[in-house]
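These features come from Swiss-Prot:
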type	residues	note
DISULFID	C3-C24	disulfide bond
DISULFID	C17-C39	disulfide bond
DISULFID	C25-C55	disulfide bond
DISULFID	C56-C61	disulfide bond
Amino acid sequence: LECHRRGSFISDGKITCSAKKTFCCKMYEKIFGIYWYGCAKTYTEKNTWNVYSKCCTTNLCNT
């Protein structure tokens with residue numbers, strides 16, 4: 001699985017996930033306006049007052 005990656009100290013691009021990480025995720029930290037993209041081992045989706053996150057089994061949801 002190849003996911004887009006982005007973080008506060010990581011440049012935009014793509015990363016190949018390890019075999020144990022089967023989800024591409026994106027997370028938006030609403031207070032500071034920081035986006036993070038990458039691979040994840042478990043599925044986590046939430047939308048709270050300070051964090052929005054979404055994961056899927058392709059890289060379509062973390063672009």
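Quick reminder: no glycine exception, Cβ is built from N, Cα and C everywhere.
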What DSSP gives for C17 (disulfide bond), in three states, is coil
A 10 Å Cα radius around C55 (disulfide bond) captures, of the disulfide-bonded residues C17, C24, C39, C61, exactly C24, C39, C61
Expressed in Å to no decimal places, the gap between the Cα atoms of C3 (disulfide bond) and C39 (disulfide bond) is 6
Should one count Cβ atoms within 10 Å of each candidate's Cβ, the disulfide-bonded residues C24, C56 would be headed by C24
Students should find that the Cβ of C61 (disulfide bond) has, within 10 Å, a number of other Cβ atoms equal to 17
With neighbours defined as other CB atoms within 10 A, the best-packed of the disulfide-bonded residues C3, C17, C25, C39, C55 is C3
Smallest Cα-Cα separation from C39 (disulfide bond) among the disulfide-bonded residues C24, C56, C61 is shown by C24
Running the disulfide-bonded residues C17, C24, C25 through a 10 angstrom C-alpha radius around C56 (disulfide bond) leaves C24, C25
Once DSSP output is merged into helix, strand and coil, C39 (disulfide bond) belongs to strand
Expressed in Å to no decimal places, the gap between the Cα atoms of C17 (disulfide bond) and C24 (disulfide bond) is 9
